[in-house]
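**Student:** What follows is a structure written as structure tokens; I'll ask about it next.
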């Protein structure tokens, strides 16, 4: 393990990259707080940032506007820094229905959610890494501005173990339960521990492949060992190990009991207010709900919706911002805002939407006023907490340009020599028929096509129409979850279908070199989806292909269209000059089609885990290499195998059930590895 970033790449900076890297690093070292990197599609923005990270050697937080792009960036940074700690921090909810009240119909909607355990583990790993390593790079979404447990509590609760240290076994077990670990003697799962004589096995909450064995003798720690929880194979012996809490929201018993007292005081004040306003129903409701939560906290240290009491648990004053991922960052860190023209407005919008929903809950007696402090950061609070920053975008917004005070570094020349797509304008009247003929031409060449429409209805109708005419087409919309969205993009690249239709999901950062045509329907309808920035971003999706072309269907030239075409032409001219000067022949970008969540694999670790698992005896027949499968495929396969296993067991076909059980174990091992 090293505490220095080591960039691994088969190529060196070229084109505008060397000058951009030098300028960004020089500005950072000079103490410049904000700067902007204006990089066109395919110019190597991620690679440029990776070079900056290696040169400045600071812990780095990269913020992306959505989970799809965050996953892509995570994979790229994992491949650039295979020997360093690259982590992923996004919302761990697969499904989330927030608590809400609709006064007009007197409807209360209970909070309902489904947590993705794997992403929860990655979040815990990210915070542990930020607190313990300098060579940490975390890729996050706006989830980073939402409340977490205070880092002071998180650090004060950790359990530090050293070989030779004297520790009472009961005290050790009590400390693990304070960290919210659960005792499970039958199955060692993540966030659990088991006791066998003087041996304790702990599966750390932030780990997915390694568990810790603590061997005691006469009250002393005799040995600390990391082992594979699946096979029991010893991986390595340690002199020292730190066990971190199972959740970011863990807190001490004293803090919890203190919070109970302050919540009671707030409840008393709030009830007096409600009674004085003659709101008897609201007062009764609030007293009943809060008393129940207080009893749960006093007895078990936890209650449903405990995050609504986070102000009391962290000891913050009313109105103070909650602790977030930014509190885990060291003060000398680097912040990179990717696709800043989208991410920055997102950060500003989060607080307002959350506030309006919670004010209704407080007004009608569902929550105490302190629930308003369980919130994302306000924009000005986020600004105050942000370390030195680099805004990255092909179309920086006015905020980024203003904050950078003119320090805009351009990355216009592509090392591949690729020039920006040719932009053509065609009439709206025949747009669908014209599009079909263009699609057929591209399919003959083995290329892919992106089509953007203005409305969901139009996208659905167009998808149906193209499908009826024998074109393999899919429709990408907001109802599709993150993992499936990534799968659709991957299937497009693999050629499982040729045309992808969408509305606003085909813009920022998606890396699809196989796409040679982007069609923008109704391009002359001025608005958010057809602004200058949106048009430049959408046109840019075809910029990674040698035959890249963008067709704008419009009956009149709008100001946004003219500005987008002028900017595209400017970039084309600069690239053509560079190609002539350096004798470069443009060639399409070639990028392997892998699961973007996988990143780089550690070959040594893979061999080691493979070796260990081959020792264990299985009933299963030879099965395919599950490690080549994607997370969504693994999840689907697991579900199907489990159903078959239970059916065989029900039919008393135990050998068949045992074979499937072992396939499931291999599949789970592959998803962890």
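If you go along the chain as it appears here, the first residue is 1 and each next one adds 1.
Using N, Cα and C of the backbone, Cβ positions are placed for all residues, glycine too.
Annotations per Swiss-Prot:
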type: DOMAIN; residues: 26-414; note: domain 'Helicase ATP-binding'
type: BINDING; residues: 39, 40, 41, 42, 43, 44, 45, 46; note: ATP binding site
type: MOTIF; residues: 92-115; note: motif 'Beta-hairpin'
type: DOMAIN; residues: 431-597; note: domain 'Helicase C-terminal'
type: REGION; residues: 600-628; note: region 'Disordered'
type: COMPBIAS; residues: 600-609; note: compositional bias 'Basic and acidic residues'
type: COMPBIAS; residues: 618-628; note: compositional bias 'Basic and acidic residues'
type: DOMAIN; residues: 635-670; note: domain 'UVR'
**Student:** Mind checking how the domain 'UVR' (635-670) divides into helix, strand and coil residues in DSSP?
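**Tutor:** Counts, helix then strand then coil: 33 helix, 0 strand, 3 coil.
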**Student:** Would you kindly list the residues that approach the motif 'Beta-hairpin' (92-115) from elsewhere in its chain, counting only those six or more residues past its ends and only Cβ-Cβ distances under 8 Å?
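**Tutor:** Answer is 123, 304-305, 357, 360-361, 364, 366-367, 481.
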**Student:** Would you please pick out, from the binding-site residues 41, 43, 46, the one with the fewest other Cβ atoms within 10 Å of its Cβ?
**Tutor:** 46
**Student:** List the other residues in this chain whose Cβ sits within 8 Å of the Cβ centroid of the ATP site residues 39, 40, 41, 42, 43, 44, 45, 46, in sequence order.
**Tutor:** 48, 394, 411, 414
**Student:** Quick check on the motif 'Beta-hairpin' (92-115): DSSP residue counts for helix, strand, coil, in that order please.
**Tutor:** 3 helix, 15 strand, 6 coil
**Student:** Count the other Cβ atoms sitting within 10 Å of the Cβ of residue 40 (ATP binding site), across every protein chain shown.
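**Tutor:** Result for residue 40 (ATP binding site): 25 neighbouring Cβ atoms inside 10 Å.
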**Student:** Looking only at the motif 'Beta-hairpin' (92-115), report the model's average pLDDT.
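**Tutor:** Value for the motif 'Beta-hairpin' (92-115), mean pLDDT as a whole number: 85.
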**Student:** Given a separation of at least six residues and a C-beta threshold under 8 Å, show me what packs close to residue 45 (ATP binding site) in the same chain.
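**Tutor:** Residue 45 (ATP binding site) has long-range Cβ partners 37, 39, 338, 392, 411.
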**Student:** For residue 44 (ATP binding site), what residues in its own chain, 6 or more apart in sequence, show a Cβ-Cβ distance under 8 Å?
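**Tutor:** Result: 13, 15, 17, 411, 414, 415.
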